[in-house]
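Colleague: According to Swiss-Prot, the feature [2Fe-2S] cluster binding site maps to Cys161, Cys263. Here Swiss-Prot flags 2-119 as domain 'Thioredoxin', drawing on sequence analysis. Per Swiss-Prot, the feature domain 'Glutaredoxin 1' maps to 144-238; the stated evidence is sequence analysis. Feature annotation from Swiss-Prot assigns domain 'Glutaredoxin 2' to 239-337. According to Swiss-Prot, the feature N-acetylalanine maps to Ala2, an assignment based on experimental evidence. Look at Swiss-Prot and you will find Ser119, Ser122 tagged as phosphoserine.
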Amino acid sequence: MAAGAAEAAEAAVAVVEVGSARQFEELLRLKTKSLLVVHFWAPWAPQCVQMNDVMAELAKEHPHVSFVKLEAEAVPEVSEKYEISSVPTFLFFKNSQKVDRLDGAHAPELTKKVQRHVSSGSFPPSTNEHVKEDLNLRLKKLTHAAPCMLFMKGTPQEPRCGFSKQMVEILHKHNIQFSSFDIFSDEEVRQGLKTYSNWPTYPQLYVSGELIGGLDIIKELEASEELDTICPKAPKLEERLKVLTNKASVMLFMKGNKQEAKCGFSKQILEILNSTGVEYETFDILEDEEVRQGLKTFSNWPTYPQLYVRGDLVGGLDIVKELKDNGELLPILKGEN
């Protein structure tokens, strides 16, 4: 009990709560030398409460990063200034300037962004030659981070220049699977990549680590119908859902995972499955909005959790409870029915 109270107190200290525009501006001024992560949240939104917990964990892992939560509706002047239209929204600041943004409850993406900004701002002092060598290695890793990498201004969800927006639209139109890097989030990468690839402008598209070009080149490739042969295609959602539902003999789509259910219904179904002794795998729908929405249509089942056996939907919690009470659950899980 005492240990739990101590952990809660530690998390409370690690995440600062801001209640006024003046306090926020003062914090921006004081935290110029460190990364500042601000969560615009609302107490009535359960996903915000969940992301506060995620942020508290990140605060323990990154003691040199300043984590702040700000109730969006309580400080409207700050929310309006930064165009906060929904919660949760996260803003990232360095040197009092906004360098990145994340909209929505995406815990893995928040963790990735924090780690990226921390690593980008913590190069040890060394000679110019060593710094250049380290940067080139980093750029090589970044350009190879995915089969198709787009270096752009902003994110695919929120492009911050017309050329980047057009590039994203072309890639989406051709169903091309790509990852992106926001050059506004890292000035060193932004300047270094120009020299590394001898290409002075953004956006820049890479396939297998090789520069394809900027927007004009991509438009030319689209016009000549070569783009589809160069860039990797994203699997269609229906195909992806078929693969996911057949990933294991017994698949549970839930909020959270085996170790940590993030809703009461998911927790109950885990307890039932664990009591059967049957092996199963899980998929956290909170980490993938496309799967979360797509599976509802794919299986014509509007709620979660959803249990599948050999790719076929068994049902949600109520169905699983009925099957257990009737003694039918175990044979179904074992594929005997």
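Every residue, even glycine, has its Cβ placed from backbone N, Cα and C.
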Colleague: I need the CA-to-CA distance for Cys263 ([2Fe-2S] cluster binding site) versus Ser119 (phosphoserine), whole Å please.
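Modeller: Counting only the Cα atoms, the answer is 33 Å.
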Colleague: Under 8 Å between C-beta atoms and at least six apart in sequence, can you list the same-chain neighbours of Cys161 ([2Fe-2S] cluster binding site), or say none if there are none?
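Modeller: Expected: Met152, Lys153, Gly154, Tyr202.
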Colleague: Let me make sure I understand the structure: which of the recorded positions listed (Ser119, Cys263) has the fewest other Cβ atoms within 10 A of its Cβ?
Modeller: Ser119
Colleague: Of the residues in the domain 'Thioredoxin' (2-119), how many are helix, strand and coil by DSSP?
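Modeller: The composition, in the requested order, is 58 helix, 29 strand, 31 coil.
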Colleague: Helix, strand, coil: count each for the residues of the domain 'Glutaredoxin 1' (144-238), based on DSSP.
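Modeller: Computed counts for the domain 'Glutaredoxin 1' (144-238) are 40 helix, 21 strand, 34 coil.
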Colleague: With helix taken as DSSP H, G or I, strand as E or B and everything else coil, how many residues of the domain 'Glutaredoxin 2' (239-337) land in each class?
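Modeller: Taking each residue of the domain 'Glutaredoxin 2' (239-337) in turn, the totals are 47 helix, 19 strand, 33 coil.
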